[in-house]
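S.K.: The structure under discussion is supplied below as structure tokens; questions concerning it will follow.
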Amino acid sequence: MTKQRNGISNGGKSDDTLSMVHEASKSGDDGSIYKTNLVAVINILKRLVNNILGPLAILLIFPNFMILIWYTIFHCNGSYLKMLYLVAEKSNWSSLIHVWSLAGYPSPVTVWSLVLYCAYALAMMKLLPGKKVFGPITSKGNIPEYKDNGFLFFLLTMGIFWTLTLILRPFGISPSIYYDKLDEIFVALNRFSIIFCVFLYLKGKLAPSSTDSGSSGNIIFDYYWGMELYPRIFGFDVKVFTNCRFGLMIWALMVCIHAVKSYELHGFVDSMFVSALLQIVYLAKFYWWETGYLCTMDIMVDRAGFYICWGCLVAVPVLYTSVTCYLVTHPVHLGLALSASLIFIGLLSIYTNYEADAQKQKVRKTNGDCLIWGKTPDIIRAKYQLENGGIKDSILLASGWWGMSRHFHYIPEIMLALIWTLPALFENLMPYSYVLYLTLVLMHRSSRSEDKCRSKYGHFWSQYCNKVPYRIIPYFI
């Protein structure tokens, strides 16, 4: 069993740690032995947290956190304080059991709606036209292949949704039924996703789709992180389906469903309009840029396990849509001036986020022979080595937005999430769950990205850090 890259440990002491202990023992220096043993213990503790305790905590906590979000919105008037008060009346386990008991068992309507949507999404992955595109070469030397039809899928799905909504409305049929069945949707998705991740684990162990796979020797971590980087089932790319065709598209549909439910209850409400509009425009931008997303950490680094697949299948439809879900029962009238201001700042954030990603793509596509902000880009031509020994070239951009900080594109993304949450005002903390979660995730992702790039590019990354000293916020961090 080989030790894997990308942060996957072999479950024991690394060769470097063993060598350090051995060399210190030979030297006979008590101080050196103490320091070396301390480093070894710290490394073992880090692996214990990263490979066992952390994954276990996420496996146990996150499904319960998702049901508590639903419970807070539908049974506690959107107040975490009220939720905590009600939970505190019983023991922790009794409270969780009670909350889960309130969630409805998935009805045939819910189950068949999800099944039919999945069948539709899978069919469109194959049937919709799109040019062939390729992802970055992997450390094993593989080059993933995709069909670029995400934006067309987004437009078609949005068109079908609103057409059916308008056609069926005179007959008393409304998509808002899915707002009322959010608990059933969550329970169904959670159960399916947990089983699906078991299937992905077994598939990766017994029949991997490529050489970009393998075990860490730790079943907990393998289930959490995944066994395969690019699993395919009957020719369907698993992560394109879970991340793009299901998670992100269900996000868009749920936001529209919340907007319909709000209109049915209150008529036009500007706070719902602002939040829903910005989220839909953001998701439209995502699908327009989908080929760029296929070159991000979600696809290039994160394997298909609980972390990414359960997150997209369950957390995205619940947590990411929590703002508009909250606004259904908490309408706020902002007024024209505030609504227009929030929309303007939100759209500006979307544009800035898109332009930052586009700058990097432009430089790499033209091999640096282009202009960024009217000037020749400042670039570092880096080299890195594949696991098979091959040497590849890459470009590190230190101009435009990427000259301000190494992960500047996270700033407009966090700003946008805040802007589409502000229409909920400040009565409760619950609507800010997503933006707080996003901030923590992106902070952690920036750290992971730094480690990956430092390992991948070596001294080239050090040169880049000297040119661009700030990680996220210019002149601060």
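Cβ atoms are placed via backbone N, Cα and C, with glycine included.
These came from TrEMBL, pasted as-is:
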- 52-73: transmembrane segment (TRANSMEM)
- 109-129: transmembrane segment (TRANSMEM)
- 150-173: transmembrane segment (TRANSMEM)
- 185-202: transmembrane segment (TRANSMEM)
- 240-260: transmembrane segment (TRANSMEM)
- 266-284: transmembrane segment (TRANSMEM)
- 305-329: transmembrane segment (TRANSMEM)
- 335-354: transmembrane segment (TRANSMEM)
S.K.: Counting Cβ pairs under 8 Å that are 6 or more apart in sequence, does the total for the transmembrane segment (185-202) and the transmembrane segment (266-284) reach three or more?
M.R.: no
S.K.: By a Cβ-Cβ criterion of under 8 Å, what residues six or more beyond either terminus of the transmembrane segment (305-329) are in contact with it?
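M.R.: Same-chain contacts beyond the ends: 55, 58-59, 62-63, 66, 69-70, 73, 77-78, 179, 182, 185-186, 189-190, 192-194, 196-197, 200-201, 222-227, 238-239, 242-243, 246-248, 250-251, 254-255, 258-259, 261-262, 265, 269, 271-272, 275-276, 279, 298, 420-421, 423-424, 428, 430-431, 433-434, 437.
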S.K.: Quickly jot the same-chain residues contacting the transmembrane segment (150-173) by Cβ under 8 Å, restricted to those at least six beyond its ends, or write none.
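M.R.: Here the qualifying positions are 121, 124-125, 128-130, 244-245, 249, 252-253, 256, 260, 280, 283-284, 287-288, 290-291.
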S.K.: Out of 52-73, 109-129, 335-354, which stretch has the largest tally of CB pairs under 8 angstroms to the transmembrane segment (240-260)?
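M.R.: Going through each listed stretch, the top one turns out to be 109-129.
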